[in-house]
């Protein structure tokens, strides 16, 4: 089913001439004619449609601005202008509703509101909505009064854009834009990789130098190691010789030492015997000594262990005791807290009752006590004062202890906070490193993107300049080509008007042609003068001989062609004389010298022109002398030698012009071909540049978007934020630490204060005890205790009543803290309880062991006494023998010292040799041959090599690995670059395919519309022709669409030269051709038939009637012949300046037309 729509009705309110009331103008399908007198408001129907659909500006609607569209006349003024256009939707609009209402309201301040079916929309959204139904921004379907020729006055590009819009190639444009954006993304990545590859290339160059430096370093190191190894081998050889000498000396010294050693051995045998006996005694003593020593050590260890374990036991028991007490207290506190939290309000009431009761008892007890004291004449003030002071001290201590507890909780909280802040600071510092790395990477990428953007912007500027140059050149070429084509057309017409007299004889052998055909005027300015100079002789036909002339004459007679003159080459005679003319100003030259010809026809040319002199003008001829020469001026005046002067208007015969025009035509054809080739080349270049500009523009948009995305936060901004966070954290940490110090100081002060008050309270208690003892002696103490007890209870209740509200707020927090504390203390108590059991067992075992060991020591000391006496006698004998041996050993020692010195030197040598061997192990991988160089020379060589190594400076020992890694990275990026280039190539291919499809769709639309245009115009103007052609068929989007019209009986002419009726027919033909390709839901024509005669108006009416079967036509007309074809006639009249609408039948039309 064909999709279409039409306007059912228009609703206006406060719009232009239609007054302030809401009015409906029914329209309907088919051909609707709108008629009425001039000024009645007919055109305002079309203005209302255009206004509501946003198809025209205020200027096009004949208003200064939109607020001028609001009705205002005779003091009446509407608040707004409002128009509704009701469409019957038969599938044209992309909604399911059968009725589509589009409305627009403009207020006095010029603001507009558009709506579709009651929903407010933007103007852009409305235009998109209308375009889907075939109502476009170009509004080719709306023709205002006197505006029909706008379709002819359109520039070729505007005409092309209408066809583009109707052909629906927008989808291809969107695909192309999307592909261009994808291409820009890929190209941007390629550019980034290009920069990275450039960076890597620089790195590779540097690393290659470092690698070569490392290789040189390694070579020098190899030479250095070889030289070092050779030096070590030479030094080892020297040390081996020295060792051999010392070994020989040692051999002699050792022989002397052996003799002394023998004497010493003999004396030592005897000494040994005594020492053996001493040893036996010692061995007998030793077990006892060892046993005693062992027992003593064990006893000491046991005592030490007992002390340590007893100390640990005592500490653990004390700690357990403290813990149990603390846990009991904590549990008690916990129970109290739990009970108090649950029953605090009830307890408060109970305490108040109890307080009231106790207060009464207190007063009674106080009265009894005072009576007793009065009886004993003892004042109770002092006791009461002590009681109050003690109570105050107790309260103060309780308050201080509570404050201490709160401070301890506060201290724990502060420590936790300090730890958390320190952790946060460490975390912040750790995160900073990662963030800085991330920001630096982003900054590097931004740097690359900005470099690419800068380069691309520069290239875009250059391309734009280049495009402007080429477009300017293209415009010049096209202008020049147009001039060439005009000139060529004029020349072609001139050439066609010529007829060669020699053509009838062209088949006869020996005929060369007319004189005019055989010569060529050198300068076009001389053509008129040469034609006059040659006169009728220029038409003479040149033949070979008289026989040929005879044959031609006979042919002319047979065919009754008229008379001809012939010049036989074998008979022509000329007078040979030198041609001289006075060298006077105004003389040009003899005519024979101003033409070109074949030397074969020289006599003919001289015969025709003789001695005729060409001069510039009449005055020049007079100056030379009339009658002296046969002369012709450039304007054609002829001066005969006889004095006869011939002149006046000269009508060119064209005999010479033909040759000139033919040559000029050849030149122009060549120039046309050249210009067309140049045009094609320039167009191709412009296409390439435009494609590049599109790619560069898309790439710049993508790079700008990426730079914006990456530029969220720079290193400087982050560092500022980091420093601020760090400083804030450190400041907060400092504040917390200061608070902690303050809390610690307060706790210290509280401890001192608590200690002071506790001591003071003890003193008061002692003083109170003295008084109470005095009272007890007097029988008052009992009453005093009763009173104190009651007084204490009252005080406690008062204290509870005062504190209960304050305590209630702390209970929950303290309860949580107590539970944690209890759990921790219970775990510690369990551990210590087990430890105490273990310690007690260990101590018990150690005491038993100690007692047993002491008993064994006593028994051993009795047995060892006799052995000690024998030991003392043997020690005396041994001392004498040792004295004798002393002298021998001194001599032995001297020898040994010498041997030792030698051995020491030998050892040093061997150590050196060993060290050299160790050092030489580092050079085991070297293959060294015999070297005759001395150590000094080798050291000199080593020094030289070392200096060369130092000259190399710092060496990158990872150069080879770095080079390999960077080369791999380079190759990886190269591979990525290749893949991206392939992707870019694929996208470009897609763009090209899309462009080809777009071109194909456009050309199909163009060809179909052009075909319809030819047919419709030939119908409206029989014998006439109209067609469109593309400026550039190969690339239609680089040029425009030209329109040529040839009305019946006329040549092709410029549109400006056509009559109003001809222009109307041409414009309507184009509109109907567009309508045939893609009909708009409606067409609005306002007096498009104004310039048409009756016949053409009738044809237009017939055509509209025919086309109205496919689309709605709303036509404002004053022509009865047009209206006669309408399906419905809407009449418009004006009463009191307000337009009214009514329906007419064709019979009432004539009257309306006459009124108009």
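Note that Cβ sites are derived from N, Cα and C of the backbone, with glycine treated the same way.
Quantities reported herein were computed from a predicted structural model and do not represent experimental measurements.
Feature annotations, courtesy of Swiss-Prot:
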- 37, 38, 39, 40, 41, 42, 43, 44: ATP binding site (BINDING)
- 167-499: coiled coil (COILED)
- 654-1001: coiled coil (COILED)
- 509-624: domain 'SMC hinge' (DOMAIN)
Non-site residues, in chain order, whose CB comes within 8 A of the mean position of the CB atoms of 37, 38, 39, 40, 41, 42, 43, 44 at ATP: 17, 36, 1132, 1134, 1139
Sequence-distant neighbours of residue 41 (ATP binding site) in its chain (C-beta under 8 A, six or more apart): 16, 17, 18, 1132, 1134, 1139
Residues near residue 43 (ATP binding site) in space but at least six apart in sequence (CB under 8 A): 144, 145, 1086, 1116
Sparsest Cβ surroundings (other CB atoms within 10 Å) among the binding-site residues 37, 39: 39
Neighbour-count leader, CB within 10 A, binding-site residues: 38, 44: 44
The domain 'SMC hinge' (509-624) - residue tally per DSSP class, helix then strand then coil: 55 helix, 23 strand, 38 coil
Greatest C-beta neighbour count within 10 angstroms, which of the binding-site residues 40, 42: 42
